[in-house]
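Here the structure comes first, spelled out in structure tokens, and everything after it is commentary.
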Amino acid sequence: MLEKIQKALMIRSSTIRELLAEALGMFILMTFGLSSVAQVVLGRGDFGQHLSINLGFAIGVTMGIHAAGGISGAHLNAAITLTHCILGNLPWRKLPAYLIGQFLGSFTAAATVFGLYYDALYNYTKGNFTVTGPTATASIFATYPAPYVSLPGGFFTEFMATVILLLGILVIHDEKNNGALKGTQALLTGILVLGIGLGMGLNTGYAINPSRDLPPRVFTAIAGWGMDVFKAGHHWWWVPLTAPILGSLAGVLIHKLFIDFHNQPVPESGNEKGQPVVETS
């Protein structure tokens, strides 16, 4: 009976399987991350500090990669998916499936955390959900710049944080260099995200991922915060979409210029009898 149910539910399309894997991986990542933010904000500092948020997202990244890595590669980031398409590592026809999966998982996670902490949200805000002010709660779900941060400054912060993210990911997976031991990549990527949060989270909340920022922002617009979520921070919403994409491409370019182009197999000279050149591995 169980085998019949499994056969009936089994999806044979690799593209749909990748969509579902990205959705689940993103849901896990964002549920850990957003719930840690909610606990710190709504707990008024009594149930965690900024480090709690960093650890929450780091654990979410690690578990999300374990959930989706063997099926979709666990991009869990629209900027990374787009970069893979540009580099030719992923067919362009699969781009919509990856983005839909990531956005679906992220949106669902935001709704889940909203339901999980609805009573605490209502108690904290008295039912008045705001983007700014002493009881602002929109930042639980999406990122916003600190009051002192200019738009160019915030853009540069997100750009550089994503450059570091991509450099770290490429280094971890670079088997021709000093790549991570097999099975440790997910943990090290989580530590990488932890490091970015510890060092680059002050200005903008280190979105570094369009799939992390836009779906929860859309959810908050629907759930009671209104269109202010797109107007706040001098219409900040577009920065976490564009800066990570440019930062991702720049990170790949830097890795290729400084490491990858110069670390290819070197052809050996043929012998005196004119034997063919043999590539070293």
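Note that Cβ sites are derived from N, Cα and C of the backbone, with glycine treated the same way.
Under the heading transmembrane segment, TrEMBL lists 20-41 (among others). Sequence-distant contacts of the transmembrane segment (20-41) (same chain, six or more residues past either end, CB-CB distance under 8 Å): 11, 47-50, 52-53, 55-57, 59-61, 63-65, 67-69, 71-72, 74-76, 97-98, 100-106, 108-110, 112-113, 116-117, 120-121, 124, 137, 139-141, 211-212, 216.
Residues or ranges marked as transmembrane segment by TrEMBL: 53-76 (among others).
Feature annotation from TrEMBL assigns transmembrane segment to 97-118 (among others).
According to TrEMBL, the transmembrane segment annotation covers 155-174 (among others). Same-chain residues lying 6+ beyond the ends of the transmembrane segment (155-174) with a Cβ under 8 Å from its Cβ atoms: 79-80, 83, 149, 180, 185, 188-189, 192-193, 195-196, 200, 203-204, 206-209, 239-240, 242-244, 246-248, 250-252, 254-255, 259-260.
The transmembrane segment annotation in TrEMBL covers 186-208 (among others).
Long-range contacts of the transmembrane segment (235-254) within its own chain (CB-CB distance under 8 A, at least 6 residues past either end) are made by residues 77-80, 82-83, 86-87, 142-145, 151, 154-156, 158-167, 170, 204, 207-210, 212-214, 217, 229. Look at TrEMBL and you will find 235-254 (among others) tagged as transmembrane segment.
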Surrounding residues of the transmembrane segment (97-118) on its own chain - C-beta under 8 Å, 6+ positions past either end: 15-16, 18-31, 34-35, 38-39, 42, 72, 75-78, 81, 90, 140-141, 211-212, 214-216, 218-220, 223
